[in-house]
Ligand code: NI
């Protein structure tokens with residue numbers, strides 16, 4: 001029986017310029033080894049594909065910066081979150097300065113639902129910055 005935790009070594013053939021690029025990234029990003037970087041690249045790709053396929057539950061973190069003084073915007077953002085409460089896991093609000101509020105909203109659901117919600121909030125008048133980090137379960 002094979003152990004699912006077992007690490008298997010295999011060899012990959014790469015053209016020299018591509019290998020050089022890989023090694024530069026290892027150094028630049030502070031990886032301990034090529035293997036560590038390649039594992040991360042594969043996991044990133046798996047998360048992306050899970051989102052593209054769209055058939056399983058994933059999680060996203062929406063980061064927004066918005067104008068505190070934009071009339072009714074704070075209430076509007078809260079109303080949307082309450083309407084979608086099933087999907088909203090948590091949110092954190094930081095008052096950055098007199099005008100700017102930063103909020104991170106953790107959302108669970110199908111990729112299309114999370115994308116729709118993110119666009120709805122990000123598209124509100126007075127939201128100055130909006131970025132969705134796409135995450136999913138990833139095997140070891
Ligand atoms: Ni604030």
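Backbone N, Cα and C atoms are what each Cβ position is placed from, and that goes for glycine too.
Per TrEMBL, domain 'Ribbon-helix-helix protein CopG' is recorded for 9-48. If you take every residue in the domain 'Ribbon-helix-helix protein CopG' (9-48) and average the pLDDT, you get 95.
Look at TrEMBL and you will find 59-133 tagged as domain 'Transcription factor NikR nickel binding C-terminal'.
Feature annotation from TrEMBL assigns Ni(2+) binding site to 82, 93, 95, 101. If you draw a 10 Å sphere around the CB of residue 95 (Ni(2+) binding site), it holds 10 other CB atoms from the protein chains shown. Residue 95 (Ni(2+) binding site) carries a strand DSSP state (E or B).
Under the three-state DSSP scheme, residue 101 (Ni(2+) binding site) falls in the strand class. Remark: secondary structure over the domain 'Ribbon-helix-helix protein CopG' (9-48) totals 28 helix, 0 strand, 12 coil, with classes taken from DSSP. Listed binding-site residues: 82, 93. The one with the lowest count of other Cβ atoms within 10 Å of its Cβ is 82. Within 10 Å of the C-beta of residue 101 (Ni(2+) binding site) there are 22 other C-beta atoms, taking all protein chains into account.
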